[in-house]
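Scroll down for the structure; my scribbles are underneath it.
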């Protein structure tokens, strides 16, 4: 039977495809006629925010993307960074926000699958994963269901595929009630001479479809991810893809085997907008046309239209340009792994994107205008307002600082994430040196005696809401600081920019200023952005999420035997604060969680100080002077030393200095670390800090089973541990909500 590929193009249909009237007018001018239904779908997919970055491209160009170790920056499936000895690390972070809210298990699972494919498409074997998750307030009726589904989906896919989850974040805020965020990160290892790109080369070469069969799942997924949610959200469930990690594992092995055979000219995974996006990107990058014959596409559903095949986001699929003489060898490899292998088209020299179905041409479009030359907007934006200064003396103190510390360390945002990461395989592959729960995840580099990689993912959305510029700087600085706190040298980063509707000038202003802050920090800290993703329209019924520009980074440890952890304190050690005393309580968790206030400015990030203090800490760790190290962030000094006490199972008696106790204990000033060292080493560190111009304070001594800070805090490590470990399992068991 003949499948109908025609449909009348009406204003309603155009609007349903997310195309504005001026964009449709541009299509008419480009092709000189009315588009076919399939062509309308192709334009819709390629010109939406998810694929084209049309609202953010202008600003993304301002980010620093090069450096002495950068082999491949943005524009490919993932970034590539040199780690010496002919090895490189390949990594990226990407969002799967909209699908995960609609169908949490599959949305999160396919988010993990998609980011792993981005990495192994480049020729790298995945070695580490992270995920940064944001959920609504704990007592919202959907939150527990969403947490459970997302965590199960992340674990279900990553564990079965066989990649360790080494880190991540989980936050709760009412601004995510209607739009959760699932940002997935993956990193892989490859050789310099084994990197594969998506740029097609050569005319008349076979275009090959690899992997799983195509079905209707995920049709329109990229378009859905470029729109706000409203009351019709349940109708969007069919646009969520379904993943199979075992097929993906076979695809990984088949691709790496094929790459080693020398058969691959270009390769691209099928992610957002599926066959459309992968074919267009390969052709447009290589200044070639592509002709596809859809009758050759392996399908698992009957009577699929050209539109459905072109826009399906079925998982575990790749598109490749192949050396013709290697066809039989390539096919044998994929058959061995039980995967589909089909020649579905060829490269051409006419820069046209042609799609044939049932002998009929259903699309014939200029390939460059779909890809590189998609519309780009300079959207109007508004400078974000500033919060009035908030001196610590104007912030109320609490009567009982021990109770305040217990409440904060047992709160939704600061409590242990053990419930989450124990559902992930953190040790598979056997190279994990630091698992989640510290400052950064660390894995050994396979085949190298001493080399290791450190990974962290960070952002403080409430800072970004108060001041997108400082918040953007702080996200980069904290990621850099977390990597540094292990002793690793931060090499490069990837950004995942999650914002509301860019058509609103105040939201666009958040995006512009956050990118500006990120760029300034990356330049100052030599931490270039080598890959990334933008997720806009994270709004429901007009309510936007907190601006959340997540930064994930990778660092290099030349010798993992000289590495710091947060739980290494020994009895008799001296604790030293490197960096200034706490003074800043604006936008702090102290203010938010104890007084339900969100006023004051975000903390200022002095990037020169960040660099100086961080480099000093790193050299102390690498010189073997440090037994434990932890950076200071949410909750300031008191939370940092409490976490070190919990992880070490040891108490400490400390003096935080003279001043306002709430600021000294809970101030969130930046560029600070706490280290522990033997008394002799602590003296040497203090002497060196003085010489290097790094502010420091000798805090006190490790020992006993209580944490005592000045005359304000006196609490047992057992009580701290109970509060810290208790909130998440109690919440998921339905025993509490909110900040109880």
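Just so you know, glycine gets a Cβ as well, placed from its N, Cα and C.
Since the structure is predicted, the reported quantities are computational estimates derived from the model, not experimental observations.
Residues annotated as active site in Swiss-Prot, with sequence analysis given as evidence: 50. Cβ neighbour count for residue 50 (active site): 26 (other Cβ atoms within 10 Å of its Cβ, all protein chains included).
Remark: residue 532 (ATP binding site) has 60, 74, 92, 93, 494, 495, 496, 497 as non-local neighbours, by Cβ distance under 8 Å and separation of at least 6 in sequence. Taken from Swiss-Prot, the feature ATP binding site covers 53, 92, 495, 532, and the record attributes it to sequence analysis.
Note: residue 94 (Mg(2+) 1 binding site) has non-local neighbours 111, 114, 115, 118, 183, 184, 496, 533, i.e. same-chain residues 6+ apart with C-beta under 8 A of its own C-beta. Per Swiss-Prot, the feature Mg(2+) 1 binding site maps to 94, 533; the stated evidence is sequence analysis.
Long-range C-beta contacts of residue 117 (substrate binding site), restricted to its own chain and to partners at least six residues apart, with a cutoff below 8 Å, comprise 77, 248, 251, 269, 271, 316, 318. Here Swiss-Prot flags 95, 96, 97, 98, 117, 241, 313, 314, 315, 535 as substrate binding site.
Per Swiss-Prot, the feature active site, proton acceptor maps to 96; the stated evidence is sequence analysis. There are 31 other Cβ atoms within 10 Å of the Cβ belonging to residue 96 (active site, proton acceptor).
Its Cβ taken as reference, residue 269 (Mg(2+) 2 binding site) is surrounded by 29 other Cβ atoms within 10 Å in the chains shown. Feature annotation from Swiss-Prot assigns Mg(2+) 2 binding site to 118, 269.
For residue 95 (substrate binding site), the same-chain residues lying six or more positions away in sequence with a CB closer than 8 A to its CB are 111, 181, 182, 183, 184, 496, 498, 533, 535. Those residues of the chain, other than 53, 92, 495, 532, with a C-beta within 8 angstroms of the mean position of the ATP site C-beta atoms are 60, 74, 93, 94, 494, 496, 497, 529, 531, 533, 534. Spanning the listed substrate site, residues 95, 96, 97, 98, 117, 241, 313, 314, 315, 535 have a farthest Cα to Cα distance of 20 Å.
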